[in-house]
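Here is what TrEMBL records for this protein:
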- Phe11, Ser12, Gly13, Gly14, Gln15, Asp16, Ser17, Thr18, Thr19, Cys20, Leu21: ATP binding site (BINDING)
- Cys188, Cys197, Cys200, Cys203: Zn(2+) binding site (BINDING)
Amino acid sequence: MNTNQKAVVVFSGGQDSTTCLFWALERFEEVELVTFDYNQRHKEEIKVAKEIANDQNLAHHILDMSLLNQLAPNALTRNDMEVEEGEDGELPNTFVPGRNLLFLSFASILAKQIGAKHIVTGVCETDYSGYPDCRDIFIKSLNVTLNLSMEDDFVVHTPLMWLDKAETWELADQLQAFDYVREHTLTCYNGVRGDGCGECPACQLRQKGLETYVDKRNGGGS
Ligand SMILES: [Zn+2]
């Protein structure tokens, strides 16, 4: 049985990974964060991640993944392209193929170095937007591969895998972190913290989930 009590959370400073952070804090004695720096559209993301890590008094590892820019120039990593939503089931142009494969592989190498057996990631199949490496079957497969590659027994945790955006807010609330997540995290493509710009696809998705959950909490939904 895996009795290790140390976890690494893949952390971007957004709603999902911050909720995962609180989820991990409730379960593990020791939590460290890893953030991947690949010239995000807004350096603000890294700044927000650092501030939350400081705020929660957690060790924070920032890994330079700028090589992703060479492999997949797109709207997330290049400022001269606009963010657009995919149409008719096409992938949005923020798509970096295999990104989670890379991130989780690096997170597990970090975990190995710092003696953590648990890796926590906010990937989610419910809002499946075409990223094959967010699927549960992929995570389970990768978990086996990571363990074989390093002769170890890591457990990759995906607390948001089957939650929709409203349920993710509900989880944050159960973890006593609803206000914190709402006020401190950055989801907005335009770099506006908290409730965001209200215009971009990320803000609209976040806001819709928030409203659905708040309605439910207030006894609505009938
Ligand atoms: Zn926005």
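The backbone N, Cα and C atoms fix where each Cβ goes, and this holds for glycine too.
TrEMBL feature annotations superimposed on the structure.
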residue: Phe11; record: ATP binding site; DSSP (3 states): coil
residue: Ser17; record: ATP binding site; DSSP (3 states): helix
residue: Cys188; record: Zn(2+) binding site; DSSP (3 states): coil
residue: Cys197; record: Zn(2+) binding site; DSSP (3 states): coil
residue: Cys203; record: Zn(2+) binding site; DSSP (3 states): helix
Query raised in the report: Rounded to an integer, what is the Cα-Cα distance in Å between Gln15 (ATP binding site) and Cys197 (Zn(2+) binding site)?
Result: 15
Report summary line: Densest Cβ environment (other Cβ within 10 Å) across the binding-site residues Cys197, Cys200 belongs to Cys200
Report summary line: Least crowded of the binding-site residues Leu21, Cys188, Cys203, counting other Cβ atoms within 10 Å of each Cβ, is Cys203
Query - Which of Gln15, Ser17, Thr19, the listed binding-site residues, has fewest other Cβ atoms within 10 Å - result: Ser17
**Report entry** Remaining residues near the recorded ATP site, that is with C-beta within 8 Å of the centroid of the site residues Phe11, Ser12, Gly13, Gly14, Gln15, Asp16, Ser17, Thr18, Thr19, Cys20, Leu21
**Finding:** Val9, Gly122, Val181, Thr185
Requested in this report: Would you mind reading off the Cα separation of Ser17 (ATP binding site) from Cys197 (Zn(2+) binding site), to the nearest angstrom?
Outcome: 20
**Report entry** Leu21 (ATP binding site) and Cys203 (Zn(2+) binding site), Cα-Cα, nearest whole angstrom
**Finding:** 21
